[in-house]
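The annotation active site, nucleophile is assigned in Swiss-Prot to S43. Feature annotation from Swiss-Prot assigns active site to D346, H349; the stated evidence is similarity to another entry. For N139, N323, the entry in Swiss-Prot reads N-linked glycosylation site, with the evidence type sequence analysis. Residues or ranges marked as signal peptide by Swiss-Prot: 1-27.
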Amino acid sequence: MASLDSLPAMKLVRFILSTLLVTSVNSQTQCRNFKSIISFGDSIADTGNLLGLSDPNDLPASAFPPYGETFFHHPTGRYSDGRLIIDFIAEFLGFPLVPPFYGCQNANFKKGVNFAVAGATALEPSFLEERGIHSTITNVSLSVQLRSFTESLPNLCGSPSDCRDMIENALILMGEIGGNDYNFALFQRKPVKEVEELVPFVIATISSAITELVCMGGRTFLVPGNFPIGYSASYLTLYKTSNKEEYDPLTGCLKWLNDFSEYYNKQLQEELNGLRKLYPHVNIIYADYYNALLRLFQEPAKFGFMNRPLPACCGVGGSYNFNFSRRCGSVGVEYCDDPSQYVNYDGIHMTEAAYRLISEGLLKGPYAIPPFKWSCLSSEIMNKMSLDTQILDEQLLQGCLKV
């Protein structure tokens with residue numbers, strides 16, 4: 001009779017227990033089994049792609065001071081005073097900061113590659129134009145980013161087997177993406193009901209991208225929802241009203257804009273639940289950007305921010321220090337002495353201090369669903385179970401063929 005130790009089930013139990021022990025010993029290294037980061041999205045994750053794609057005679061605002069002042073001490077193409085959420089995730093995983101793919105010469109993409117472009121939309125610009133929504137910053141939509149990734153695989157990883165191994169062992173950041181689809185519409189004062197009509201199209205596009213990457217071998221995805229945009233200085237300026245009923249009496253946000261974000265996030269989570277059922281062997285983590293940021297506006301002093309968290313650090317004019325025609329990075333636009341005291345950096349994007357707290361809420365707190373550490377553990381288990389991986393690959397192929 002075979003010993004209990006020879007049984008696959010017991011070996012798996014022993015492995016899980018040993019992994020849990022190692023994880024509990026050092027929480028800072030709990031996710032180091034990921035080999036790289038692959039990122040798609042917009043300005044929330046752009047580490048320099050829009051800058052790399054731009055004409056030297058027509059550079060984006062992120063190419064000019066004070067962007068980058070806090071951590072890098074010079075502009076890097078990031079729309080913040082310092083690091084972004086993707087940067088803090090990379091540091092947590094023990095990786096170098098993820099380099100931008102576009103326009104980046106001699107970059108080392110072994111530990112990560114970033115296709116996120118500031119101004120990018122989930123939907124094609126032509127789709128938005130047909131609905132009277134003008135997107136003029138970039139045409140590098142989510143599908144274009146995904147196509148760039150697919151076409152670059154021979155240079156990133158070489159052989160098909162090496163590429164599949166890279167994708168399987170990567171943490172794939174799917175966004176934030178989709179926010180600009182709504183921003184461009186709302187900045188044009190489109191009725192919110194009309195903006196809501198975009199939601200199923202945006203979600204279907206994100207879902208399709210995840211499915212395509214799953215079929216390429218993707219096993220772990222971090223998919224963010226939208227921020228509570230009712231706290232954005234840009235929207236508070238654009239939609240300023242004397243009707244006090246539209247504002248939250250405690251925080252001063254525009255309630256209807258936050259309601260829209262909640263509506264979108266709920267629909268996105270329902271779609272992710274469907275994908276989890278279709279691909280039970282894949283870790284699809286919802287990143288709750290909404291609540292991770294919301295707490296900073298609700299209790300600013302608790303997190304080290306000044307008691308007026310709504311105005312932008314960098315900007316000019318009005319109650320919220322924001323003006324669409326004189327934005328951060330423009331000549332003569334002032335900026336605060338200490339960005340770490342602000343949540344809002346330029347009226348649209350957050351400060352490094354805010355992004356740090358959001359990242360900690362995802363990596364160590366309750367704002368990743370399921371919790372981030374368990375997703376890492378699942379990835380480690382799958383890496384150790386070669387036989388089961390072959391079975392899952394067969395199931396995956398069947399699932400992809402049904403799509």
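Every residue, even glycine, has its Cβ placed from backbone N, Cα and C.
Taking the features listed in Swiss-Prot, we show where each one sits on the structure.
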| residue | record | contacts (Cβ under 8 Å, 6+ apart) |
| --- | --- | --- |
| S43 | active site, nucleophile | L50, S62, Y79, A116, V117, A118, G119, A120, N180, I348, H349 |
| N139 | N-linked glycosylation site | P125 |
| N323 | N-linked glycosylation site | T237, G315, V316, G317 |
| D346 | active site | A61, Y79, S80, A312, C313, C314, G315, R327, C328, G329 |
